[in-house]
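Let me begin by presenting the structure, written as structure tokens, before commenting on it.
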Amino acid sequence: MDALKSAGRALIRSPSLAKQSWAGGRHRKLPENWTDTRETLLEGMVFSLKYLGMTLVERPKGEELSAAAVKRIVATAKASGKKLQKVTLKVSPRGIILTDSLTSQLIENVSIYRISYCTAQMHDKVFAYIAQSQQNESLECHAFLCTKRKVAQAVTLTVAQAFKVAFEFWQVSKEEKEKREKANQEGGDVPGTRRDSTPSLKTSVATGNLLDLEELAKAPLSTVSANTKNMDDALRPQVLGNNSVVWELDDGLDEAFSRLAQSRTNPQVLDTGLTAQDIHYAQCLSPTDWDKPDSSGFDQDDVFSF
């Protein structure tokens, strides 16, 4: 089956997804049909890109908005005269982890719930996403230079797929919170939960045998664990009495996600700049195609004169 077929469709379903093991330690070798392997997305998809930069935007989504933002970012990168930073982009339902490819230093960790839009600028072979800042409510557009158009498409579809899974986790967390609040009001316990083991009522959680706590403690990249103070740790693991693992979702992140959801065409799906034709094209690709040169034969840095 084509490698990106499931990414272009309705993606992975829950709650069966929550029963899959999350091997949070090492990144496994990418299978040929990676989108048909649920554990691969849960573990995290890794892409090698070049970071163009960031600019602020006024709205959480929009094709023209993102195109203009990317144009500003590219112009700034060209004017700087510096070589682009090689980065590793890891995408999972938890979010995007950005690290320096040379030093393995953590650059940024963005929760998937803060991302409002992503797109692939086909002519420029650029992947870009818009996310709400962790420090304030400003919206940032980050752009990355890909080796070819098909990679930009693959990253875009992967982020959209991860968002779909994360949204389902969020729905579970909301339902779990409502059950606990109702049980608290009635003075009773919800079957299958232990009130002395759960977070406070101000915290939303998603439960299920999602991942092994010991594995989660192992950073996916060696330096990520050393830089956890710089990471957005709004999602934290907790263990219930039935050995299920909990995703905590603090009120600030919950509010940000709810607000961004209102701006989406479909609250359950991350808006992308891909057309049906783009998605169909991406569905015909496999990871082995990413290493093949484009028919144009131009090196990407030559196109941008970097």
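All residue numbers here begin at 1 and follow the chain in the order shown.
Heads up, the Cβ atoms here are built off N, Cα and C, so glycines get one too.
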Original post:
With the ranges 23-50, 247-274, 275-302 to choose from, which does Swiss-Prot describe as region 'AP-2 complex binding'?
Top reply: 247-274
Original post:
Out of S104, S197, which one does Swiss-Prot list as phosphoserine?
Top reply: S197
